[in-house]
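Database features (TrEMBL):
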type	residues	note
ACT_SITE	D198	active site, proton donor/acceptor
BINDING	E16, N149, D198	divalent metal cation binding site
BINDING	R98, N100, D118	substrate binding site
DOMAIN	14-258	domain 'SMP-30/Gluconolactonase/LRE-like region'
Amino acid sequence: MKHRRDVIATGLQLGEGCIWDQARNKVHFVDIEGFTIYSYSLHDKTLEAFNMGDYVGCIALNDQGDLIAAVRNKIIRLNLSTGMQEPVMQISLPAHIRFNDGKLDPYGNLWVGTMAIDQNHPKAQGAGSLYCIKEGRVISKYDGFTISNGLVWNPSGDKFYHIDTPAQKIDVYDVVEEGVLSNKKTAVSIDEKEGAPDGMCMDGRGQLWVAMWGGGKVQCYDPGTGAKIKEVQVPDPNVSCCIIGGGNKNLLFVTTAQDEHNNLGKLYMFTGDHMQEEWY
């Protein structure tokens, strides 16, 4: 695939959680370990930073245009115009657990997973959960994950795709009703040599785009067959998240994280020939 690659932001410890804001023509993303939410304007090429004071697992955009942030064990509403932070709720989590990836479902509820802060912690394996939060309260919870990641719903909203990173697969669930999942199956199995699946998004064709941690790329899969369709090479090894954006849905934004040689992570923007036809 031919594409142009631009570096939008640098200096990230653990870049993650990129989302596209169509109304503002902006991409928002986080540095989990830098405790910061960033907002980049494609219109005037400016980058704003909002310090949240703790681990920022993910962000989502609500109907009012505010960001809903999962910060360690709290849900906080961030007004992007004023920078004001308003607590929404708090979940009681063990000290070694924090929020990780999350997204809004078709009902407008926030689904957010958890994981151990230190994956070498003796209780890290299976310590994560997946919460569904509606209007400031938990309406459902699913347990037994290690690193909950990559939440995606299909366009009709009746299928939910989810990644537990160490399991090296993408699972699909039936959405029975609001907050209720069932019939878990493996949609895609991923060889360890490709990297570990992390953040994920879906294009207009229903294909899954997956950030490959340790693999230095984003891979596209057909969830119906489990087959890999294409990939985009990324210069950094620890690729953490991806989202399709731009006014014509012709851009792919990708976050990366610090590597073993202490090279800090970045936010990349990929633009390619006939990107709209290929990616959305």
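Cβ atoms are placed via backbone N, Cα and C, with glycine included.
Remember, TrEMBL labels are computer predictions, not curated facts.
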What is the interatomic distance between the Cα atoms of E16 (divalent metal cation binding site) and R98 (substrate binding site), given in whole Å?
14
C-alpha of D118 (substrate binding site) to C-alpha of N149 (divalent metal cation binding site): distance in Å?
16
Show, in sequence order, which residues other than R98, N100, D118 on the same chain lie with their Cβ within 8 Å of the centre of the Cβ atoms of the substrate site.
Y55, G57, H96, I97, F99, T114, M115, A116, I117
Report, as a single number, how many Cβ atoms besides its own are within 10 Å of the Cβ of E16 (divalent metal cation binding site).
27
Max Cα distance spanning R98, N100, D118 (substrate binders), Å?
13
Counting Cβ atoms within 10 Å of each candidate's own Cβ, which of the recorded positions D118, D198 comes out highest?
D198
Rounded to a whole number, how many Å is the Cα of N149 (divalent metal cation binding site) away from the Cα of D198 (active site, proton donor/acceptor)?
6
Residues near the divalent metal cation site, E16, N149, D198 excluded, by Cβ within 8 Å of the Cβ center?
G17, N100, D101, I147, G150, I163, T165, G199, A211, W213, S240, C241
Long-range neighbours only, meaning 6 or more apart in sequence with Cβ under 8 Å: which ones does R98 (substrate binding site) have?
Y55, G57, R72, N73, T114, M115, I117
Round to the nearest Å and give the CA-to-CA distance linking the residue listed as 'active site, proton donor/acceptor' with N100 (substrate binding site).
11
Sparsest-packed among the binding-site residues, when each Cβ's other Cβ atoms within 10 Å are tallied, from N100, N149
N100
If you average pLDDT over the domain 'SMP-30/Gluconolactonase/LRE-like region' (14-258), what do you get?
98
